Amino acid sequence: MKILVLNAGSSSVKYSLFEMSDRSVLIAGIIERIGEDAASHSYALANNDRTRDEINCRNHQQALQLLFETLAACRVLTDRRELAGIGHRVVHGGEHFREPALIDAQVMQRIAEVIPLAPLHNPANLLGIEEAIRQMGETPQVAVFDTAFHQTLPGYAYRYPLPEHLYTDHGVRRYGFHGTSHRYVAEQAAQYLSKPLSETNLITLHLGNGASVTAIQNGRSIDTSMGMTPLEGLMMGSRCGDIDPAIHFYLNRTLNLSNEAIETLLNKESGCKGICGENDMRAIHRMAESGDEDSRLALAMYAYRIKKYIGAYFAVLGRVDALVFTGGVGENDAWLREQVCLDMTLFGIAIDQEKNRKPVRPCDSINPANSGVAILVIATNEELEIAIQAMQCLELPQTLN
Ligand SMILES: Nc1ncnc2c1ncn2[C@@H]1O[C@H](COP(=O)(O)OP(=O)(O)O)[C@@H](O)[C@H]1O
Ligand SMILES: CC(=O)OP(=O)(O)O
Ligand SMILES: [Mg+2]
């Protein structure tokens, strides 16, 4: 049984086709820079054959056409009827969606309604859905929301100290994101620890281009660092994370920046990029090693801000079974993991340098045997989690071979 997973961004479409009987990836690819001159399509098949093509791709319609042509040409989907469903990543589900939803006109309407809460993400997700329906209307489609896992936050964690009507009339509250990833690594961590997820307390750190931390109590998200939008919380590649909201007025009044200019500045020109001109963590390390002081400052700030959240979430949870690192940075950056865990013996956190240098994929512990809190490095797999949730939503049997 095959499930296709789509993650449509404003200028890219990422996709993975799974054979769900053994959860293997038949093909995974990305079509990038849609609508620009130098669009590209790169994909890898199960045998690891990689292809990268420069392409002409004006819009999402052409991108999805190319995607289905590629599935047929690579013989991973010769008959479209083999496809049991399509799972879509949708970033914002507002308060309405606590679970994945079978897509129909009403679900699409609800995704559209929360566009004001996620103007940078939801319009692109919706475009992907609309196009997939146009091309594959006969295949059931499921929306899996980044926000859903965090719908268990208590009111005192999700409300902002703002006038009540902003919440009741306009939905201004904290929602949290990366829920699919936090949920997936929480399940993997509980399995690794041989504990039921419903009795497991975790702090999960998703550190990719976007980054967020979640406090998980008995398997449920009870607080998370991203807020109404994915801009709040940790310092990220190009997003500022937590800052004094009065900076916004200052930028407007003193520098005469428009709302749009400030939105771009805080989302695309801040974070690591704002501090040292670079948002890719590997490049930042290279610059720091060659003596660039701004890069060193960016790394120090990035680690420091993670550490502060870990302290806060220890206080919130009381007991923590494991600290989990995931995402491109969390999974690969041994230096960062070490910095974050430095001088935290008070919390029972200690790192085994040797294990930290090369954790075994997809899940490994990097703490010494005697430490109080497990420290785990877990490869996230948002696409697989979306495929599994799509299967559940479609009530398809989840039997593994
Ligand atoms: N070996 C590595 N060491 C440090 N950072 C890495 C390494 N490999 C990837 N990264 C970083 O991971 C980040 C991308 O994370 P990823 O989870 O792939 O992003 P996305 O949020 O787009 O899914 C980039 O900053 C990249 O530099
Ligand atoms: C919600 C979010 O921040 O997503 P990403 O990390 O993919 O940008
Ligand atoms: Mg990712």
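Yeah, the Cβs are placed from backbone N, Cα and C, and that goes for glycine too.
The Mg(2+) binding site annotation in TrEMBL covers N7, E382. The ATP binding site annotation in TrEMBL covers K14, H206, L207, G208, N209, G210, D280, M281, R282, G328, V329, G330, E331, N332. Residues or ranges marked as substrate binding site in TrEMBL: R89. What TrEMBL records for D146 is active site, proton donor/acceptor. The site 'Transition state stabilizer' annotation in TrEMBL covers H178, R239.
For the recorded positions listed here (D146, D280, E331, E382), the lowest count of other CB atoms within 10 A around the CB belongs to D280. Largest Cα-to-Cα span within the ATP-binding set K14, H206, L207, G208, N209, G210, D280, M281, R282, G328, V329, G330, E331, N332: 22 Å.
Cα of E382 (Mg(2+) binding site) to Cα of R239 (site 'Transition state stabilizer'): a span of 21 Å. The most densely surrounded of the recorded positions K14, R239 is R239 (count of other Cβ atoms within 10 A of its Cβ). The subset of recorded positions (R89, H178, L207, R239, R282) lying with their Cα within 10 Å of the Cα of D146 (active site, proton donor/acceptor) consists of R89, H178, given in sequence order.
Once Cβ contacts within 10 Å are tallied over all protein chains shown, the recorded positions R89, H178 are led by H178.
When the alpha carbons of E331 (ATP binding site) and N7 (Mg(2+) binding site) are compared, the span between them is 21 angstrom. Nearest Cα neighbour of N209 (ATP binding site) among the listed recorded positions (N7, R89, H178, R239): R239. Put simply, H178 (site 'Transition state stabilizer') is 16 Å from K14 (ATP binding site) when counted between their Cα atoms.
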